[in-house]
């Protein structure tokens, strides 16, 4: 049976992604000086204005306006004619401390207060919020990500590359990509549709943009065997995309959570990542759930795996762990869930310890996806638990 699935990505110059990158640049700058800081940093951008707000508790000082401007400059908004300029935009900051009501639950977990867990056993941190998080992996690509989002990200990164390297100098920072993949019996067989929208300078013709994007962006990214004469390609389908970035649309941190994860191919708990320190389970537990799912697929126990984990604020142990292999598991989902509980410690402090998350590693994943990154060595992308999983699988 044939079916289609579509995922989208955006470039680093998209207004929402500008915000994600500034939020994570602030987080990284603080974690570099104070690894135990509490950070919840949100950003909004609009024409000529950046607003940085949130709750930050730290012993260090960072120059937030400078971090914001440097990030905008790196993205490529360096001239007013691009609709946004790192040097002339206004930067307003409004920062408070973390609520003491939240801090009391995170500083010392409920289990530690009740004496169930010694301080020596693990630094006892309760979850920073309630909620449920999902992790996913499948064997469609070498990085164990779904193919539609994998290709959409590669196209978006390629757009930025040809712009920054001067291959297509008329391109500007804002842009979006979208890929529709056709599946036969649950395996990707061809690319049905590609959509690329890219901001550009006013003097270039639509015909030139179309020809150049096909030649320098689409062909180098989409595997040759996946494109055919019936593949539909849409490039700047409105015909013009000169006004873009924060001048075209306002942006907010955390509005691209599907782009950040699996492109809609797997479920999402609703929590965003950027600007949050690792005591926030929205971020750390979602990374851990990806780590679990990826190791299960890498071990060969399933072709597809989705892991759900849930928490209560101030409580360290997960309330629930659920595994769904969509009928692809070599053993039952319940048995795999048992293996997960034995192999992985999903208490927030253990996640932070095992994945070494109190480091400035976040800005690099704030654009082009937090998962399946071939260009980065991310701890939650490692498949170093396969041996333990297979050993436990013999005992269940």
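Every residue, even glycine, has its Cβ placed from backbone N, Cα and C.
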Site co-member for ATP according to Swiss-Prot, given 174, 175, 176, 240, 241, 249, 255, 256, 272, 276, out of 14, 370: 14
Range annotated as region 'Flexible loop' in Swiss-Prot, from 98-108, 109-119, 120-130: 98-108
Residue 42 (K(+) binding site) and residue 14 (ATP binding site), distance between Cα atoms, whole Å: 16
Among the ATP-binding set 14, 174, 175, 176, 240, 241, 249, 255, 256, 272, 276, as the record gives it, the longest Cα-Cα distance in Å: 36
Per DSSP, three-state class assigned to residue 240 (ATP binding site): coil
Three-state secondary structure, residue 14 (ATP binding site) (per DSSP): coil
Candidates 16, 42, 55, 280 (binding-site residues) - the one closest to residue 240 (ATP binding site) by CA: 16
DSSP-derived class (H/G/I helix, E/B strand, else coil) of residue 249 (ATP binding site): coil
Pairwise Cα distance for residue 16 (Mg(2+) binding site)/residue 276 (ATP binding site) [Å, integer]: 16
